[in-house]
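Record features (TrEMBL):
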DOMAIN    15-148  domain 'Malic enzyme N-terminal'
BINDING   73, 74, 75, 76, 77, 78, 79, 80  NADP(+) binding site
ACT_SITE  91  active site, proton acceptor
BINDING   133, 134, 159, 284  divalent metal cation binding site
DOMAIN    160-397  domain 'Malic enzyme NAD-binding'
Ligand SMILES: NC(=O)C1=CN([C@@H]2O[C@H](COP(=O)(O)OP(=O)(O)OC[C@H]3O[C@@H](n4cnc5c(N)ncnc54)[C@H](OP(=O)(O)O)[C@@H]3O)[C@@H](O)[C@H]2O)C=CC1
Ligand SMILES: CC(=O)C(=O)O
Ligand SMILES: [Mg+2]
């Protein structure tokens, strides 16, 4: 990134990084009278009667003020409120991006702590919380302490506690990697300001001994008896030591915690530290020692910086969005020590969990595993929200500061998930039903790490009992590597399976009139997809998942040869579910039938409707799409679709279906109401059946990419067994989703 690029990023047509977006429609006269006068008077009257209702009728509960006077902006020093504004806007971006919290960045033109306090007190009605930012020490301590005492919304000085929490979590993990005990290590803090003092306090609470802790500032070591540049906050940590300089303090030290300024640690100082030295050089944007210099000087260093372009970004971005999310969601009156400690533990523990593919991809695709280069979760790891916010909220409830405690942590995590992804919200419906009666699902590609990682999630969630096909030693090795609970997974090697020959014979008998000799059958049965399908056929497993490393047709073919299609249908088809902010639609057939006949199209409509109802609990309303509306064209292609509607109505009279119709008539109520009032579908279609594969494929891809939808699928329907096919190369999460759907089908084959 160059200076020019950074400046261009902040400028552009729309200046800066934030904007205000209305959350209610304001298009019509009626909208206007609701958004503004006279309608707006109603919530005003309600809040006047009951102030708590401000959380119901305004955005207060999700609005944080990022407030700064610009006296300690990053490591740039006192550059003033105006120059600090890009940082405050940046914090707003992160609040929104990571935790869906809205922010007003508020820069205050005063260095007088009492004025800043008074200002915050006066704007309390606007805000759900206050994030103090980049206010220098020692004034920041007085400001925060006073506001905490006088306001009834959470107040949190990010540079103090955010930094302390994140570095505390990374410190616990670094000690584990260094093999050192917290009550024995010598820790040097460089910087005795907002971040330094707060880190020192938290490290003591974590178990560092006060006598093993030394603070250094611009005047050198903060020692007992020093008078120059002191304040009561530093005094508390004044050390009984002969060390006077940073170099003195670092000699033999186990850890360096830098929250001061650029380039203060020399290679010589680093060389004088104990073995496996922990170096958190967190000054921004330039650390106390450059990353490259540190790792070149000490190969055994356990190194972190505050920046995103090196391993181990120890930065308060991992804290403030999630801590406020948890605090706001339970309407916490404050953010107390227990809540901070809960955040430390959540982050430290999460770093030891398997990292999802989406996170690995966001960070360049290299494997990420707990160790020297991965002490702490990555900011783009969506799980940080799901771990940290609930931990904080739970601690708020436990300590009695939550005004709106949740009744179930599980439900709260779900609510958070739906903020992150509509797919997760929808899939929970599927997961819940799968868990009620988990089935044995065989995975043809059991030697693939993604399958093993999916198996881990599946057993931990109780969705199914995975049966992994593959060479025993290969699968066992992966199971051990990913720490999958071994007793909950079966491993089957087709080559040594006692029923292998029996399967060969049975398959031979199924296919001998299709030219399959016994030897051919034996060869095919060595293919785990054929073998897995036979296991399902023979009741040794309830369902099958395959396709991660194969072409789609190669995985469907064995399933059809062994299980055929379901009674009443002659085809299989693929259905995609597309999720938008306020709507979901199923599109078919996106994967199998190139140019279906009217009969086939009717079957596709029926099967897609069944997917909607039986997997996702959506009452299907089917639109049969074309480029004409109800006979406006009479060519072969329009007629085919119209005939399909007639067939479907005859065969499945209970199905809400109409057509042929154009896509806008299917999804836009106004068009249908005005021109086609007779139609069963009044712009409320949720199952869209396209006339052929080309149309379906183009439609779903355009909707997905341009409509900013999320996609689940393709969901295979029509096979007379619980068999589901993965798209090549999909992620662990997609495998888990498909396996859950497979369980549902195995539970009630006839319904899916
Ligand atoms: N990675 C992260 O998440 C975060 C990083 N930081 C970084 O920490 C640094 C300090 O921020 P903050 O605590 O808010 O600021 P403050 O102004 O409150 O404190 C700065 C401290 O650093 C000391 N200091 C400055 N220069 C030197 C030096 N050359 N040698 C020794 N000590 C020095 C100051 O000493 P004195 O007391 O003598 O003036 C003071 O104690 C910044 O670089 C900031 O970017 C801060 C928050 C989060
Ligand atoms: C990260 C941050 O808040 C700082 O450097 O000040
Ligand atoms: Mg800051």
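Yeah, the Cβs are placed from backbone N, Cα and C, and that goes for glycine too.
Keep in mind it's a predicted model, so treat the numbers as computed, not measured.
Feature map: TrEMBL annotations on the structure.
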residue	record	Cβ contacts under 8 Å, 6 or more apart
73	NADP(+) binding site	79, 83, 84, 87, 134
74	NADP(+) binding site	87, 134, 283, 284, 285
75	NADP(+) binding site	260, 261, 262, 283, 284, 285, 286
76	NADP(+) binding site	83
77	NADP(+) binding site	none
78	NADP(+) binding site	70, 71, 72, 111, 136
80	NADP(+) binding site	70
91	active site, proton acceptor	66, 103, 105, 131, 133, 158, 320
| request: Using DSSP, break the domain 'Malic enzyme N-terminal' (15-148) down into helix, strand and coil residues and give each count. | output: 69 helix, 18 strand, 47 coil
| said: Quick check on the binding-site residues: of 159, 284, whose CB has the lowest count of neighbouring CB atoms inside 10 Å? | reply: 284
| field | NADP(+) site, defined by 73, 74, 75, 76, 77, 78, 79, 80: further same-chain residues with Cβ within 8 Å of the Cβ centre | value | 70, 71, 72, 83, 84, 134
| message | Rank the binding-site residues 79, 133, 134 by how many other Cβ atoms lie within 10 Å of each Cβ and give me the one with the fewest. | response | 79
| What does DSSP say about residue 159 (divalent metal cation binding site): helix, strand or coil? | helix
| From 73, 76, 77, 78, 133, which binding-site residues have a C-beta atom under 6 Å away from some atom of ligand 1? | none
| remark: Near ligand 3 by the Cβ criterion (under 6 Å), the binding-site residues from 78, 134, 159 are 134, 159
| task | Could you tell me the mean pLDDT over the domain 'Malic enzyme NAD-binding' (160-397), as a whole number? | result | 96
| Annotated binding-site residues 74, 80, 159, filtered by Cβ under 6 Å to ligand 2 | 74, 159
| Cβ within 8 Å of the divalent metal cation site's Cβ centroid: which residues qualify beyond 133, 134, 159, 284? | 68, 72, 73, 74, 87, 158, 194, 316
